[in-house]
Amino acid sequence: MNIVILGTQWGDEGKGKIVDMLTEDVAAVVRFQGGHNAGHTLIIDGEKTILRLIPSGILREGVLCLIGNGVVLSPPALMEEIEELNAKGIPVTERLRISSACNLLLPYHVALDKAREAELGTKAIGTTGRGIGPAYEDKVARRGIRAMDLLHPDQLLEKIKKATAYHNIQLEHYYHQTPLDYQSIYNQLMEFREKIKPMIGDVSALLGNLRRQNKHIIFEGAQGSLLDIDLGTYPYVTSSNTTAGSAATGSGFGPLYFDRVLGITKAYVTRVGAGPFPTELTNEEGKKMAKRGNEFGSVTGRPRRCGWFDVISMRRTIQINSLTGIVLTKLDVLDEFAKIHLCTAYRCDGEVVNEPPFDQSLLESCEPVYEEMPGWQTSTYGLTDYSEMPKEARNYISRLEELLGVPITIISTGPDRKHTIVRQAVFNQVITAKG
């Protein structure tokens, strides 16, 4: 069985934990888009691990981890992550494979990203400043440096020389930044070359072989669907396609071979950086939500904006991803709220609507229409049995399923992989739950 697991909001939904939990039964986990701007936090027996590029399956012995062609790969970030895992006694290089078609993220991408955000000032998009957007620009413009170029040092030098000269024009003459030295960039890449070279291969072929052997494969998304470059809240989006279609194009795996698409969603909503957020809470409730959820970015440390669950945006996410199941995370964050609110419609220009406005600029002025439900005001932290869930919490989950039309198959009640209620088996899960 081949399953896509992705975020349904603006990222930070808890995908890493769910992927890690499900990898007990899989042969491989694939990253298919994004770069080291994504942080997947895993907590196992109290020990925290943050992964940015390497798939979450790396913490399971014997699971093959693949980085697909849709990822933009920073060599120094990758090596730093490998070293961090090795220091914890986790071997990486034997189980990690990188698509030869994967584009590399280089110093001029980072320099451009930071210069552009500084130029925009108060109108900045709110990128992580890690060069993701400029790296994807080079890919589309066909001047990108790919992993396979590391196999041909002479050609690599010429490509870097040309790309650096091109970007230096912007850096020096438009942004008034110090130009970069192509030789230094090349020398740095050559330092990483010998370590990365053995991991470069044909990821599409590997996936094809696993499929023919009827092995289970997870395709692990980064960020969230509302940050998709085409379908998200543009221009406040990331630079890759974060939706289910990207699992095929970003890995070289045929779309008809996917069996399920699981969408990860928090029991509330968060967002980092600028952009419309209809259910955002800027009051004490929002602060309480952020504090209880420890809502700070795992990569940037930036505080996340918090708000009530948005049924309207979630329905759109279900449609564009063809979700077959929903994983509800961080339910325990709502334990102390006397009242729970669900946004079931928007009020835009005085009119109540049940779909996001096609004109994204109108979303900024849309107000949420709420349905109120009683809270449970008792701890759900660490529960593993659905029958032990407070009645009000079960009612909340049932109402979500009714409004969304998709079953909630897994509920996360805490950060550890064991803090989980599995209502419907994904593969052959050993963990089971009543309800």
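Backbone N, Cα and C define each Cβ position, glycine as well.
Some features that Swiss-Prot has for this protein:
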- 11-17, 39-41, Arg304, 330-332, 412-414: GTP binding site (BINDING)
- Asp12, Glu13, Gly14, Lys15, Asn37, Ala38, Gly39, His40, Thr128, Arg142, Gln223, Thr238, Arg302: IMP binding site (BINDING)
- Asp12, Gly39: Mg(2+) binding site (BINDING)
- Asp12: active site, proton acceptor (ACT_SITE)
- His40: active site, proton donor (ACT_SITE)
- Ser298, Val299, Thr300, Gly301, Arg302, Pro303, Arg304: substrate binding site (BINDING)
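Structure coloured by features recorded in Swiss-Prot.
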| residue | record | CB count, 10 Å |
| --- | --- | --- |
| Gly39 | IMP binding site | 18 |
| His40 | active site, proton donor | 25 |
| Thr41 | GTP binding site | 19 |
| Thr128 | IMP binding site | 21 |
| Gln223 | IMP binding site | 28 |
| Gly301 | substrate binding site | 8 |
| Arg302 | IMP binding site | 13 |
| Pro303 | substrate binding site | 13 |
| Leu331 | GTP binding site | 24 |
| Thr413 | GTP binding site | 24 |
Listed binding-site residues (Gly11, Gly14), ranked by Cβ neighbours within 10 Å, top entry: Gly11
For Lys17 (GTP binding site), the number of other Cβ atoms found within 10 Å of its own Cβ: 26
Gly11 (GTP binding site) versus Asn37 (IMP binding site) - Cα distance in angstrom: 11
Neighbours of the residue listed as 'active site, proton donor' among the binding-site residues Asp12, Lys17, Thr128 (Cα to Cα, within 10 Å): Asp12, Lys17
Least surrounded among the binding-site residues, given as Asp12, Arg304, when other CB atoms within 10 Å are counted: Arg304
Candidates Thr128, Gly301, Arg302, Pro303, namely the binding-site residues, that fall within 10 Å of Gly11 (GTP binding site) by Cα distance: none
Proximal residue to Leu331 (GTP binding site) among binding-site residues Asp12, Thr128, Gly301, Arg302, Arg304 (C-alpha distance): Asp12
Neighbour tally for Asn37 (IMP binding site), based on other Cβ positions within 10 Å of its Cβ: 28
Annotated IMP contacts Asp12, Glu13, Gly14, Lys15, Asn37, Ala38, Gly39, His40, Thr128, Arg142, Gln223, Thr238, Arg302, maximal Cα-Cα distance (Å, integer): 34
Nearest of the binding-site residues (Gly301, Pro303, Arg304) to Thr41 (GTP binding site), judged by Cα-Cα distance: Gly301
